[in-house]
Amino acid sequence: MANYFNTLNLRQQLAQLGKCRFMARDEFADEAGYLKGKKVVIVGCGAQGLNQGLNMRDSGLDVAYALRKEAIAEKRASWRKATENGFKVGTYEELIPQADLVVNLTPDKQHSAVVKAVQPLMKEGAALGYSHGFNIVEVGEQVRKDITVVMVAPKCPGTEVREEYKRGFGVPTLIAVHPENDPKGEGMAIAKAWAAATGGHRAGVLESSFVAEVKSDLMGEQTILCGMLQAGSLLCFDKLVSEGTDAAYAEKLIQFGWETITEALKQGGITLMMDRLSNPAKLRAYALSEQLKEIMAPLFQKHMDDIISGAFSSGMMADWANDDVKLLNWREETGRTAFENAPQFEGKISEQEYFDHGVLMIAMVKAGVELAFETMVDSGIIEESAYYESLHELPLIANTIARKRLYEMNVVISDTAEYGNYLFANAAVPLLKEKFMDSLQAGDLGKSIPGSAVDNAQLRDVNEAIRNHPIEAVGHKLRGYMTDMKRIAVAG
């Protein structure tokens, strides 16, 4: 199989990278109706598999789980989760032949084996669904021409997909139809019904492409969403401790600081996050972020280039074939870091203290979000897609670190995201140690910026630069859509 993206000509590549349309609420007037009375069989019962299935069932769909014979015989976690929630469970041979829609929600590295197993069992004219397009785009999976291939990709972890649905809402979602596999022209109707069944239509749906989803998703998770948080955690902790800060305090400031800082980001973008700082601290955070962007731009661009060319995917798939040797070694190295093994701080840190003592962390967030967004847009990805794969998901990933440090983040994210995270962090940490960390001043981290006079013109210009960045404009628009839709959902 050949990388699908690399088989396209330049015009086709640009068209698919740039596919992105915010869908109107009235396009989902039929909600999940197109799939009512049809059989949906989900393969895989992890976080996305279970929680999407629960939502789909609550939306009136007929949902069952197809698991491997061994998983059923040995009553593994997937079997227990499905049966304990009252779902019908069977083998591939028992359930796939009757399915109108087979939804593959297994990990990326299992997709080829799963598709190879289920495709011969699927009835003519059935549909195959994904929530991430890696298998189609990067692996280049060839699917029978009578099968419709669609994607519904919630921009949140599976647990959030369920919790938002239970609140009467949903999570922003990308949907797509594979242009090589839409024989009956019903792909969009299937994708819309599936998205509505998970509640995504109540939070905002982008009509995208498999290519745009994969390339932007890989870029976001490797850089700002995971790689920057990992690199920032390790660098900031080591810097604090080297300057005499109590290790327990340093650990807590970082572990819970990302979540506190990005909560402001979620509510009001980079503008609100920066507004939480005093004026002298804001000016310093802005200056630090500009330095960071200049230093890290080539690294962000290299990751984007390797994602576009397929070099990243081929390297990772080679590690899959080698029993994940690199991934497992990097995971073990992370577990041995001083940050992961620091004692817990028993004292309290106020919400404002996380901002006042975390100026460098705020600068890292700002620089990482803007760089990821800019690099994606420069590569042909539309701004809305770039926003969802950078700023939007960051608070959700920061929350995992607040639970159990980097260990939890790397457990929750996919193996694909984890591999890319280590690639980025392993390059970013030495780069910033060499070119940036030694230039920090008192008040950048662990202490408050000393009070000082502020030049009005400088503050005006910095405020305008922050608020006029393109990600702030698109973020304001998309957060507005979500707020409006939530009001409609609650009222309804």
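Keep in mind that glycine also has a Cβ here, set from the backbone N, Cα and C atoms.
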Record-annotated Mg(2+) 2 site (Swiss-Prot): member among Asp182, Asp217, Asp238 besides Glu389, Glu393: Asp217
Given Swiss-Prot lists Cys45, Gly46, Ala47, Gln48, Arg68, Arg76, Ser78, Asp108, Lys109, Gln110 for NADP(+), the same-site residue among Gly140, Gly158, Gly168: Gly158
Spatially closest candidate among Cys45, Arg68, Gly158, Asp217, the listed binding-site residues, to His132 (active site) (Cα to Cα): Asp217
Residue among binding-site residues Arg68, Ser78, Lys109, Ser414 with Cα closest to the Cα of Asp217 (Mg(2+) 1 binding site): Ser414
Cys45 (NADP(+) binding site) to Ser414 (substrate binding site) - Cα separation in whole Å: 14
Spatial separation of Ser414 (substrate binding site) from Arg68 (NADP(+) binding site) - C-alpha basis, Å: 20
Within the predicted model, mean pLDDT of the domain 'KARI C-terminal knotted 1' (209-344): 97
The domain 'KARI C-terminal knotted 2' (345-485): DSSP-derived helix, strand, coil residue counts: 107 helix, 0 strand, 34 coil
Number of other Cβ atoms within 10 Å of the Cβ of Glu221 (Mg(2+) 1 binding site) across all protein chains: 25
Lys109 (NADP(+) binding site) to Ser414 (substrate binding site) - Cα separation in whole Å: 10
